[in-house]
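Engineer: A single structure is presented below for examination.
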Amino acid sequence: MPESLKRFLRLLTVAARRIESRSLIAILIAAVSIWGFIALAGEVLEGDTKGLDTEILLALRSPADPTDPVGPHWVEEFGRDMTAFGGTGVLILITAVTAIYLGMRGQWRSGWLVVAAIASGFAMSQLLKWGFSRPRPDLVPHGSYVYTASFPSGHAMMSAVTYLTLAILTARVEEKRRVRAYLIAVAALLTILVGISRVYLGVHWPSDVLAGWTLGATWAILWWFIAKWLESRGAVEPQSANDDGGSSDMVSD
């Protein structure tokens, strides 16, 4: 084996040992998500998703009356309630509350990191909508007011960006693994419910929502790595930071 190849393999081995298992999993998820979005975007531009999108959308409507979503009336109301969790106003409020909470813990830089992550995600969502300019579904009446392009779903993407980012960054200061897992699971569940509600209400094609999920998850992972990098440089508070400048006396309060 050439000496240069041996050195390269040794470097890879050292790098792999230094990377945490969580980081490897995150990198894998991000890579799969990016690949999925690129592949899906290509299919959408070529019109190859239209058939399956249409079938799924119509399957969620009564065959006798396309204006009537399947299921009892309360399911439709539940869908509207869930879609509100991905609305701009709700996400801004949740972001502000979380940032202020971190500030009250003496972690203002982490709070601003949260704001930057979510604001940049919103900008990316709007740029992609403008770039693709995909029309909204017109097969069924919309169960919610819409005013932007369809691809990717802003609600699906921004709920993933917001809830997953908040869960991941908040989990940084949580010591118990079960609590960290719970935070991320709740964030994932909210993201999924918001996306499903957009299709159920007829305001998005399923491929719009899938694209939003993949991008949102990737964005949250990206900002997790940014947080780790900034933390290593002392630019944001470390994971173990506590109230009143990190005093351990406050942990039991």
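Including glycine, each Cβ sits where the backbone N, Cα and C put it.
OK, TrEMBL features for this one:
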- 21-42: transmembrane segment (TRANSMEM)
- 84-104: transmembrane segment (TRANSMEM)
- 110-224: domain 'Phosphatidic acid phosphatase type 2/haloperoxidase' (DOMAIN)
- 111-132: transmembrane segment (TRANSMEM)
- 144-169: transmembrane segment (TRANSMEM)
- 181-203: transmembrane segment (TRANSMEM)
- 209-226: transmembrane segment (TRANSMEM)
Engineer: Most CB pairs under 8 Å with the transmembrane segment (111-132): which of 84-104, 144-169, 181-203, 209-226?
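Structural biologist: Between the stretches 84-104, 144-169, 181-203, 209-226, 144-169 has the largest tally.
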Engineer: Short question: which residues 6 or more past the ends of the transmembrane segment (209-226) have a Cβ under 8 Å from it?
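Structural biologist: 23, 26-27, 29-30, 33-34, 36-37, 40-41, 44, 113, 117, 120-121, 124-125, 128, 151-161, 164-165, 168-169, 191-192, 195-196, 198-199.
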Engineer: Are there residues at least 6 beyond the ends of the transmembrane segment (144-169) whose Cβ is under 8 Å from a Cβ of it, and what are they?
Structural biologist: 37, 41, 44, 80, 83, 85-88, 91, 94-95, 98, 110, 113-114, 117-118, 121-122, 125-126, 128-130, 132-137, 183-184, 186-188, 190-191, 194-195, 197-198, 201, 203-205, 207-213, 215-217, 219-221, 223-224, 227
Engineer: Do you know the DSSP helix, strand and coil residue counts for the domain 'Phosphatidic acid phosphatase type 2/haloperoxidase' (110-224)?
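Structural biologist: Once the DSSP states are binned, the domain 'Phosphatidic acid phosphatase type 2/haloperoxidase' (110-224) shows 84 helix, 0 strand, 31 coil.
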